[in-house]
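Written out below as structure tokens is the structure these notes cover.
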Amino acid sequence: MHSSIVLAIVLFVAIASASKTRELCMKSLEHAKVGTSKEAKQDGIDLYKHMFEHYPAMKKYFKHRENYTPADVQKDPFFIKQGQNILLACHVLCATYDDRETFDAYVGELMARHERDHVKIPNDVWNHFWEHFIEFLGSKTTLDEPTKHAWQEIGKEFSHEISHHGRHSVRDHCMNSLEYIAIGDKEHQKQNGIDLYKHMFEHYPHMRKAFKGRENFTKEDVQKDAFFVKQGHKILLALRMLCSSYDDEPTFDYFVDALMDRHIKDDIHLPQEQWHEFWKLFAEYLNEKSHQHLTEAEKHAWSTIGEDFAHEADKHAKAEKDHHEGEHKEEHH
């Protein structure tokens, strides 16, 4: 009973806070209008003029307009429509903030729209957008600290949701591409795993040293060795698990750590650069298996997984190093 009361109070406070955030931000948007009036159109143009002047790094996302000045933005009809689009998005995000389900769904739709238009904007750029937007509003009206904080809160939740959406999208693209390297007991499925090692031994011969007793193998030797049937299945299964868990960040990170621990247990100590290099190898192999039919979105998705895998592997290596150094110091005390 007590826990139910506490939960109800927490929920009430959260809803009240979201409603207050919405109220403050909606009030400030009176100075960044949407509509067909001349004033509203100019508000949208002014947002992009401010962006192009103070955040020039964002210009590269506007093809053929990368070298625009604020004066160029003012004269280009493109920014009349685009300005209203971006202000409308800000209005909707603000208006739905106290309805989290709708807010999250709208963020997802915005991300999907950018994907359909082949506009790839890194998450950190989205984060910077909210700094820019708050500065822009501050140039149109006086923003008090509670209002600035309210917009920062919306920006933070927006960033959280795009991170969640982004991981879903990466997972979906990678899962689609795995049709080219199915795993199982059929001969062609076993061959998929063997082919990965054949590619490795042919094009990345320095990686052979991790395979004791097989350091001088050719790709023909790999084909004939039953070891690579089992090993090929293992590595393709691991890749599938990394892909399927990618939208669950804690599970993905834990699985990477488990893979690192397994290699250490088996006395396989790969240089960190080889973990990074593996993803280049895998991209080549997968593109070859797809007969060069991988989409750019699929290639980008695997690159993203590779970067996050390598980042987590680096963290694991540092933790291991710190642990061993700590043990070494204790031995000498």
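Here the Cβ of each residue, glycine as well, is placed from N, Cα and C on the backbone.
Not measured: the values here are computed from a predicted model.
Within the set Asn67, Asn216, Swiss-Prot records N-linked glycosylation site at Asn216. Looking just at the domain 'Globin 2' (174-318), the mean pLDDT is 94. The CA atom of Gln82 (heme b binding site) is located 59 Å away from the CA atom of Asn216 (N-linked glycosylation site).
Cα spacing between His114 (heme b binding site) and Asn216 (N-linked glycosylation site): 48 Å, rounded to the nearest whole number.
His263 (heme b binding site) counts 16 other C-beta atoms within 10 Å of its own C-beta, drawing on all protein chains shown.
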